[in-house]
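The structure appears right after this line, and notes come after that.
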Amino acid sequence: MSMILFACVVRVRDGLPLSASTDFYHTQDFLECRRRLKTLALRLAQYPGRGSAEGRDFNIHFSSSRDVACMAICHRQCPAAMAFCFLETLWWEFTASYDTTCIGLASRPYAFLEFDGIIQKVKWHFNYVSSTQMESSLERIQEELKFQPPVVLSLEDTDVANGVVNGHPRVTLEPAPNFRMEPVTALGVLSLILNIMCAALNLIRGIHLAEHSLQVAHEEIGNILAFLIPFVACIFQCYLYLFYSPARTTKVVLMLLFICLGNVYLHGLRNLWQILFHIGVAFLSSYQILTRQLQEKQADCGV
């Protein structure tokens, strides 16, 4: 009898499913367990690296590291060491096949569906190969579980919908939701590169001026600040483009204002073309920030 029935790989920060094994089981209890696995995937960031959700006939096991988690539905009789050994093997196979950049930029469910074949192969190996052939790996996992036991949940604990747990309003504080932005565009990458270049120029000039000002006059302090404040503003513009932030428009306007005022103040230390270049990059970055919107929530997809 197969002990491991279903497995999937998800992204920890938002629960996005990246790949999953083919589902051959259609009993009501199993389908309910699948539904609870999807709910649990959305909350993995709240739990330690290993955990189990126990049910009447099936258990859900998960193992996560960095931004990748592997999850499995197993028969209740399946030893925990075997389940976590399977998940660890699956994690190594996935992270060896895809780098963190590809994983981080994935924007649709099951973007790595071709990994399904490897999941099926590893699942078959653990279901049908004698445990004596995996004895050393199982012993190591057993020792790890003895010293660092996985968090144990009940399947009912995973049932969260519309802010309600088990029919009761949530009263515990949860981390702020993760907002997924639209994919980065080529023009957006160009604006980032130019912004980093402007930030580096401002930092180098500001530090150079400070090092050569042992007896700092008031006007030199102003020049140093006129270099360093736009440096900070350029870095913050990069952050605003890459990550969602509340009151984004207000922050963009403030950063643009700091950069423009700083460069106007530096008239004399910079020629007109240099000033126009820095201000032009600031406007381009501001435009890219304001036009990069939150990505619409995608429909829940099955395998």
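Glycine is treated like the rest: Cβ placed from N, Cα and C.
Feature annotations, reproduced from TrEMBL:
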DOMAIN    8-119  domain 'Longin'
TRANSMEM  184-204  transmembrane segment
TRANSMEM  224-242  transmembrane segment
TRANSMEM  249-266  transmembrane segment
TRANSMEM  272-290  transmembrane segment
When counting Cβ pairs under 8 Å to the transmembrane segment (272-290), the leader among 184-204, 224-242, 249-266: 184-204
Residue numbers, six or more beyond the limits of the transmembrane segment (184-204), whose CB comes under 8 Å of its CB atoms: 105, 227-228, 230-231, 234-235, 237-238, 241-242, 262, 277-278, 281-282, 284-285, 288, 292
DSSP-assigned states of the domain 'Longin' (8-119) in counts, ordered helix, strand, coil: 48 helix, 29 strand, 35 coil
